[in-house]
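Asks: For reference, the structure I am asking about is given below.
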Amino acid sequence: MDLDGMRPTWAEVDLNAVRANIRALKRISKAPRLMAVVKANGYGHGAVPVATAAIEAGADWLGVASVEEGVTLRRHGISAPILVLGYVSPGQAEAVLTEGLRVALFDGELGQALNREGRRLGRWARVHLKVDTGMGRIGLQPAEVGRLGRELARLDHVEVEGVFTHLATADEPGNPYTRLQLERYEAALAELAAAGVRPAIRHAANSAGLMLHPEAHYDMVRSGIAVVGLPPAPGVAWPVKLAPALTWKTRVGLVKWLEAGHSISYGCTYTTARREQIATLPVGYADGYPRRLSNRAQVLIRGRRCPVVGVVTMDQMMVRVPDDLPVRVGDEVVLIGRQGGEEITATELAGLADTISYEIVCGISRRVPRFYGGETA
């Protein structure tokens with residue numbers, strides 16, 4: 001990677017991996033539609049390139065968290081249907097209609113605002129009712145769905161295109177809560193039907209639901225983390241072999257030998273036990289490398305694992321290099337990805353940081369440039 005004139009910390013995203021993941025997920029899906037969820041800047045991978053690659057590979061819809069994220073995709077020429085999965089304020093109704101976005105709807109106030117703007121602009125607002133079947137997050141209770149459905153049916157510029165829910169434990173095989181949520185979802189569908197509302201697109205399955213719960217596929221499945229090649233949870237026998245799309249790299253900035261008894265970084269949490277070879281890397285928690293990985297994680301240099309020593313600082317961190325490894329300034333370092341016969345995954349780092357792989361990749365900050373390979377389908 002040519003980084004002349006740049007700080008040598010970067011991420012590489014393989015768009016062919018994204019395409020392969022989309023095709024693999026579509027092969028096992030029973031639903032006629034697949035939504036690629038690209039919220040949070042495409043889970044840290046880059047929303048526009050990931051969305052483009054996903055659509056090229058056969059994704060039918062895109063999902064985002066906010067109106068602003070949807071507008072960004074539209075500004076880059078993406079014309080596929082986009083559903084805003086998160087909260088939308090009534091004040092955003094004009095942008096929703098102007099950009100042709102679909103929105104999650106769970107209160108009448110937003111419906112009225114969309115109808116007013118739709119009438120003014122001469123456009124229809126398409127909404128997907130969100131049902132809270134057990135996440136306790138946004139959404140209507142199943143018993144409330146019929147009431148709102150009847151209210152929306154009286155509006156002249158709002159179409160109830162879809163109805164959806166979100167599964168809380170789909171990544172836990174055998175957990176009966178998923179079945180309970182689907183039963184509640186079916187009850188909500190019955191409430192809507194009784195109100196004379198029959199949305200064309202029913203959807204409930206996330207990445208884990210897509211891979212483990214075919215009974216949740218309905219008319220569309222949604223996938224985000226699996227699109228970028230990461231398993232929804234560790235320790236599960238997933239039926240699809242996913243291709244991780246992201247590799248995170250830096251370069252050695254300094255190499256030195258420190259005598260026994262030398263402390264490293266803030267708080268002196270690591271002290272050399274003997275004469276040790278220490279490399280300083282130009283990457284830190286401001287780049288998204290979690291401080292919680294201090295004295296826990298490893299990196300790859302010349303295909304060997306090197307432990308992080310001392311506290312990860314804002315812009316730099318230190319690693320201990322094996323005595324027999326001839327490391328030089330400028331050597332490539334892999335933080336996430338493969339090098340030689342070794343691999344460090346986002347899932348591995350998540351386990352060490354007491355979090356999930358989603359947070360690791362979403363946390364890679366915007367000051368880390370992304371470079372894209374496989375840009376031609």
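Keep in mind that glycine also has a Cβ here, set from the backbone N, Cα and C atoms.
As the structure is a computational prediction, the values presented were derived from the model and not from experiment.
Per Swiss-Prot, the features are:
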- Lys39: active site, proton acceptor (ACT_SITE)
- Tyr266: active site, proton acceptor (ACT_SITE)
- Arg137, Met314: substrate binding site (BINDING)
- Lys39: N6-(pyridoxal phosphate)lysine (MOD_RES)
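For the listed features, I'd like the structural context: burial, neighbours, distances.
Replies: Within 10 Å of the C-beta atom of Lys39 (active site, proton acceptor) sit 19 other C-beta atoms, taking all shown protein chains into account.
Taking the Cβ of Tyr266 (active site, proton acceptor) as centre and 10 Å as the limit, one finds 12 other Cβ atoms among all the protein chains shown.
Neighbours of Met314 (substrate binding site), defined as other CB atoms within 10 A of its CB across all chains, total 10.
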Asks: Between Lys39 (active site, proton acceptor) and Tyr266 (active site, proton acceptor), what is the CA-CA distance rounded to a whole number of Å?
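Replies: Given the Cα positions, Lys39 (active site, proton acceptor) is 35 Å from Tyr266 (active site, proton acceptor).
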Asks: Which number gives the other C-beta atoms within 10 angstroms of the C-beta of Arg137 (substrate binding site), all protein chains shown included?
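Replies: A 10 Å sphere around the Cβ of Arg137 (substrate binding site) contains 11 other Cβ atoms.
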